[in-house]
Amino acid sequence: MPNRGVVLLDGQALAYNIEKDLKNKIQIITAQTHKRPKLAVILVGKDPASITYVNMKIKACQRVGMDFDLKTLKENITEAELLSLIKDYNTDQNISGILVQLPLPRSIDTKMILEAIDPNKDVDGFHPLNIGKLCTQKESFLPATPMGVMRLLEHYHIEIKGKDVAIIGASNIIGKPLSMLMLNAGASVSVCHILTKDISFYTKNADIVCVGVGKPDLIKASMLKKGAVVVDIGINHLNDGRIVGDVDFINAQKIAGFITPVPKGVGPMTIVSLLENTLIAFEKQQRKGF
């Protein structure tokens with residue numbers, strides 16, 4: 001029997017409400033300035049998952065009235081060509097934010113590409129300058145997924161200060177920035193990765209468990225503390241057509257106090273956080289007369 005007291009962290013519903021607010025703000029801004037925020041999206045290659053994610057972001061832009069410029073590039077594009085495009089976007093006053101859909105082909109140096117983006121247009125929050133500001137608690141663009149996770153927890157009034165948090169996955173995109181946000185919020189944070197000997201040691205003692213590594217059913221119910229907050233950031237496409245996370249959701253909800261579903265949990269919050277960052281970038285650029 002499912003835990004009747006478990007609360008589903010409904011990212012889709014929250015994202016919908018945030019989108020409504022964004023749409024209203026953009027309408028007001030457009031009426032006042034006759035300008036709209038504009039997101040530049042760069043897609044390299046034909047990876048099915050990347051195409052799906054880009055389409056979701058474009059549709060979200062359309063829903064809130066945000067302009068976008070999509071560049072779909074062949075997989076054999078050179079680094080020099082890609083850098084040239086980013087340079088053009090950096091200097092284009094009509095572009096508020098720049099997003100390079102990851103992963104890039106192996107032939108391209110992802111780190112170099114991300115570092116080429118103007119930090120003031122880095123709405124994904126991946127530029128070293130923005131990551132450094134995050135670590136030192138200075139105002140910066142936060143990576144969209146960690147930002148969405150924190151917003152979701154805040155919405156459900158989940159206390160972070162003084163809590164033990166286990167983060168499974170140490171990527172630059174999710175695990176590392178999320179650990180800094182949790183630390184900045186007053187949590188004691190343990191980050192587990194591929195070399196961690198016993199993940200369950202950390203998860204069993206954690207008040208909040210966040211996982212995003214791309215392995216279905218990695219986190220079992222037996223690995224959780226009763227009443228824990230479980231944030232499933234994983235997205236896995238199974239052969240039978242189902243989309244699942246990294247947590248054994250059916251059994252974990254019998255133990256957890258709060259849990260995100262997959263889909264409709266963290267995913268929608270990631271996209272709406274990207275839109276929020278783009279609007280923030282636009283407003284900053286307008287204040288500077290850019």
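Cβ coordinates are placed from backbone N, Cα and C, and glycine is handled just like the others.
According to Swiss-Prot:
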BINDING   G169, A170, S171, I194, I235  NADP(+) binding site
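Locations of recorded Swiss-Prot features on the structure.
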residue : record               : Cβ contacts under 8 Å, 6 or more apart
G169    : NADP(+) binding site : G175, C192, H193, V211, G212, V213, I233
A170    : NADP(+) binding site : K176, S179, V191, C192, H193
S171    : NADP(+) binding site : G212
I194    : NADP(+) binding site : none
I235    : NADP(+) binding site : G214, I243, G245, V262, P263, G267
For this session: Between any two of G169, A170, S171, I194, I235, the residues recorded as binding NADP(+), what is the biggest Cα to Cα distance in Å?
Result: 18
